[in-house]
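So the structure is just underneath, and the comments pick up after that.
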Amino acid sequence: LLAAAAGAAAGDKCGRNEFQCRNGKCISYKWVCDGSSECQDGSDEWEQTCMSLTCKSDDFSCGGRLNRCIPGHWKCDGQQDCEDGSDELGCAPKTCSQDEFRCAEGACISRLFACDGEPDCPDGSDEASCAPSTCGPAHFRCNSSSCVPALWACDGEPDCDDGSDEWPARCGARPSPQPGRGPCSRHEFHCGSGECVHASWRCDGDADCRDGSDERDCAAATCRPDEFQCSDGTCIHGSRQCDQQQDCGDMSDEVGCVNVTLCEGPDKFKCHSGECISLDKVCNSARDCQDWSDEPIKECATNECMRGNGGCSHTCFDLRIGHECHCPKGYRLVDQRRCEDINECEDPDICSQLCVNLAGSYKCECRAGFQLDPHSQACKAVDSIAYLFFTNRHEVRKMTLDRSEYTSLIANLKNVVALDAEVASNRIYWSDLSQRKIYSAQIDGAHGFPAYDTVISSDLQAPDGLAVDWIHGHIYWTDSVLGTVSVADTRGFRRKTLFRQEGSKPRAIVVDPAHGFMYWTDWGVPAKIEKGGLNGVDVYSLVTEDIQWPNGITLDLSSGRLYWVDSKLHSISSIDVNGGNRKTVLEDEQRLAHPFSLAIFEDKVFWTDVINEAIFSANRLTGSDVHLVAENLLSPEDIVLFHNLTQPRGVNWCEKTALPNGGCQYLCLPAPQINSHSPKFTCACPDGTLLAADMRSCRTEADVILSTQRASTAARPQLTGSPAGTTQEPLTEPTLSTLETATTSQQALHNADGRGSEGTPRSVGALSVVLPIALLGLLCLGALVLWKNWRLRSVHSINFDNPVYQKTTEDEVHICRSQDGYTYPSRQMVSLEDDVA
């Protein structure tokens, strides 16, 4: 009765979404029957408790002892989610639709891919039994029988698999490039396959060109004195030999190693005199150590755990000599005696998304829109299907994650590289390196030949990276030739260069519009990963060490971590958005031979590899479970994951103000949210113009010059005619180039005035009148000075040792006073050379 009363009293304390343990403790219902016990008595995992649970109508019941419930669309998705695999039992065979081709091994591909000259089925059956292809009048027939548009022939870029569209027999001999005008700079090596790589990568033992030409005709490698030469001829640092890790490809660095770590393990005892004996020889009344340290009389006869538990907070374990304090699972020993709880949540990768620390353990939870997979403990999306969009040089393809089958989204492109999507508007954006343009198209109408719009068509050289700000309606892109990062609205009407640096080579870019930041890779010298505000302010480097050729970059918003691939180090790495907690997810020279781009969804990372011509996936937390997603792809480059959860909704502060576009005349750009006092947005003007004094409207440099001249002209009469308290509206200070232009203009005006006054007849008559008046004035002034000196001799003066000066209103100076509280103070360059001159 007492137990029942206590249980009833405790039951009143539990909420509607809580489960009451048998001992009265309250836990969340989502923790019941999840495979780990949160109740101290284990009642949340009892069989009778789990069998009493009922799944929702649209869920699937796994049955068994735990009777777990999973979303209904997880059944027959090719992934085992139930503990016993019952969700993948009794599934109907996969069927292909009418517009799909069924491969011999069962996979489905678009019929457009059958007999197109490229094997898309894993077994190549889509290219078997194909009739010889016939090219239309607007196409060129390659030597391999495939067809490419006739406009692509002899354009300097090989489009046929065998390069026959650029053979000299058809196109003629091409003139050799003049010195200094080649496609690569003097600090780069020109690969035989066309691309440019760092000159320092030539003959470094690692093929960086697609055709491996950077490693041809190289002298035999010799190792330095501080290096170890592997049996295959490669060199590693000497400290890596016998470090219990295989660093040589042939594992020769771990052959013939002698274990010098003696006296380690629970069955060993090290004497004070240096000998190592087995533990069973301690306290056996025999001298095994030279100094008798194995036979201390007092310690051998004492069980320290019998007195006060040996001072241990939890478990005391008696040894032959002394004792040890042990801690239960989930705790650690902090001072050889006391145990404290381990906060497992300090590891950012301990959980898929959210981590809840508990006494002695932890719990993983998921954000809204995701559900925890009871089998893999991964957070999986519960709503719409996720798609992978990737570029295949001449087209954009779409792949479903649950079937790994793809269709053509946009075909007949020249050299598509960068790609991104706007989920809410169902629109994709891409850049074409050959056309030097950025395009967009509606996904609904994209069935191989969609109508697409030209967004940016000028002032582009190599738009290698592209990112869409889905909250504020902007696109950001990089240009590795110009060394710039730029922004424009999604229609391309308004654009601005945000970042430009000599020698930089920005490549991939990703944005976080909710917090106002962008991140991009730069494989210039030195290589780095940069971070800056979406309005172009506060740019600094996040990663500068252990990085050589950073290519693709992506941001996992759910965990707040950046992931990037390094094509030189053959690795996938990650950091938090502030540059800390760096981790290497995966290193693999085979499957990361030349990674180009990557994407994140749920617990998987997907990447494209140019050399393997494939798409791979792996666990983003551990780097394990590497799978081949798609193969036989022609130059797969950018990859984007399309799902509504990858682009969560946010507030567009530029549209929340009373004035449209935030009151900005040109562009309203989100500002980085560094702290709670950060502005929500700032205004920006097109290249070659400046913000006006109101920090919202724009004006040209010519307007600045005229304003400067007017201010200097109006200032002269103010010295005598203006009241002391009068102030003028502050003007935006001109830049250095503006100052030089203003100086030149004023000098020209001065010269013009001088030329206009030369040779005037009136000047002679005026001079004859002014000179007598001036002489008379000087005589009067001299008489006045003599009279004042005579008066001062008869006046006694009083001197104050500590004079006090009263400040008047003429001394007030207002510096950088802004009329808009949501703007940054303008950064201007001041030159002292003009003052010195």
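Keep in mind that glycine also has a Cβ here, set from the backbone N, Cα and C atoms.
The record in Swiss-Prot lists a disulphide bond between CYS82 and one of CYS55, CYS62, CYS103, CYS108, namely CYS62. Between CYS345 and the candidates CYS327, CYS355, CYS364, Swiss-Prot annotates a single disulfide bond, the one to CYS355. As annotated in Swiss-Prot, CYS263 shares a disulfide bond with CYS276, one of the listed residues CYS257, CYS271, CYS276. When you check Swiss-Prot, the disulphide partner of CYS218 from the set CYS203, CYS209, CYS230, CYS235 turns out to be CYS203. Outside the domain 'EGF-like 2' (341-380) by six or more residues, the chain places 30-31, 34-36, 38, 62, 66, 68, 70-71, 74, 80-83, 328-332, 558-559, 561, 576, 581, 583, 602-603, 621-622, 645 with a CB less than 8 A from a CB of the stretch.
The number of other CB atoms found within 10 A of the CB of CYS351 (disulfide bond), across every protein chain shown, is 23. Checked against CYS271 (disulfide bond), the disulfide-bonded residues CYS62, CYS69, CYS218, CYS379 differ in C-alpha distance, with CYS379 being the nearest. Looking only at the disulfide-bonded residues CYS82, CYS130, CYS366, the one with its C-alpha closest to CYS108 (disulfide bond) is CYS130. Secondary structure by DSSP for the domain 'EGF-like 2' (341-380): 3 helix, 16 strand, 21 coil.
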